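S.K.: Reproduced below are the annotations present in Swiss-Prot:
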type    : residues                                                                : note
BINDING : VAL27, GLY69, VAL70, GLY71, LYS72, THR73, GLU74, ASP263, GLU328, ARG400 : ATP binding site
Amino acid sequence: MTTKSLSELLEELTPKRVVEELNKYVVGQEEAKKAVAIALRNRWRRQKLPENLRNEVIPKNILMIGPTGVGKTEIARRLANLIKAPFVKVEATKYTEIGYVGRDVESMVRELVEVSFQMVKQEKMKEVRERARRLAEERLLDYLVPHQFTSFGIRESRDAGKREELRQKLRKGELDDRIVEIEVKEKTVPMVGIAGPPGLEELENQIKEMLSGLIPSKRRRKVKVKEALQILEQEEAEKLIDMEEVAREAIYRAENFGIIFIDEIDKIAVKTPGAGPGVSREGVQRDLLPILEGTTVNTKYGPVKTDHILFIGAGAFHMAKPSDLIPELQGRFPIRVELKPLTKEDFKRILVEPENALTKQYIELLKTENVYLEFTDDAIEEIARIAEEINTKTENIGARRLHTVMEKLLEDISFNAPEMAGQTIIIDAKFVKAKLENLVKDEELSRYIL
């Protein structure tokens, strides 16, 4: 996808349309959906401004407040998928203040650029796939039918018939399991990540590049023909792509369309500044400030400006309040939205409405074994009631509770499915109660199982 088509896609995605798309996957939380839809539209509006004014318009970062499992991450991830934007999710607690052992906050920007680079690279590889396939086919045939030369160094033509015969077999898949020895490019040496002072990740990348030059660039491998074709196609596609152009496009996308989702931001909020572990947490907040305000981060693909990256902070804020963040950081998240805890009615909708609804997933999974599930309305009601009850009695983990409830409910059917081929199983309220009622009553047991 080119920058132009990305801009065109943004133009089509009006705030209403964005909310409609998000509704396909996330139930409720209208306020949060509206906030991200407006933030997305403002990106397109900014692209339309004169350049001198464009640089003045900075994205309004969003702070999502709400318990776990209510859709914070899903809203941000679906938004990024909608516009094919680079997206990374990081946890605020994984970072340490500059000068301490651990990851420095700039690494989140480097991760974003890496994601952006891989996205652009895959798009470019799709464009050259047909040509790469033809070139890979020729290389593979060279291995299967080595060229014969005359004493004068002229290639003999008699191998042409054999070559064409093998080409047809190759395309039909008749040679897939045959073993062939090919010469492949050696991958970069894997290195174990080391926790250390800031900048070490960048140094690690440079060392990898140096070592890759010292190690033989090619080696011979024996693989099946099917795998050989894939390896050679990948190599040929990479040769056809201008990696410098990919890097430039990746940086542009990361700078102008990138989204960084900072989860558990409430865990670095400090109630009593200047004491105990709060000192380090406050340090992480201060290290985040320049990135949120706009700075330049050096990456292996080139310098990246963070001025127009959209940051979405998220946290439950049970133990702390947004006002416990340092004032400067609070100011960097001008848009605040509160996500509501999920109710039984929400659970009922989550089970059936989204395109990736859990009931639909289980129906399709078991259909592969020729086992047909049917969920009645009273079963959906009962599953939702049980999920809400367990969330109330134990830890409230939101919609994630439905996964554990459904897994336990269908455990026996999933286990015995191969022997149940051709059967249709009706899941009704009676079935749900029989499987789960005792577990729900036993609070201690439900803590461990559900």
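Here the Cβ of each residue, glycine as well, is placed from N, Cα and C on the backbone.
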S.K.: Ten-angstrom check, please: count other Cβ atoms within 10 Å of the Cβ of GLU328 (ATP binding site), all chains counted.
M.R.: 13
S.K.: Which chain-mates of GLU74 (ATP binding site) that are at least 6 residues away have a CB under 8 A from its CB, listed by sequence?
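M.R.: Those within reach of GLU74 (ATP binding site), by Cβ under 8 Å and sequence separation of 6 or more, are TYR25, VAL26.
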S.K.: Of all the binding-site residues given, VAL27, VAL70, which has the fewest Cβ neighbours within 10 Å once its own Cβ is left out?
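M.R.: Output over binding-site residues VAL27, VAL70: least Cβ neighbours within 10 Å is VAL27.
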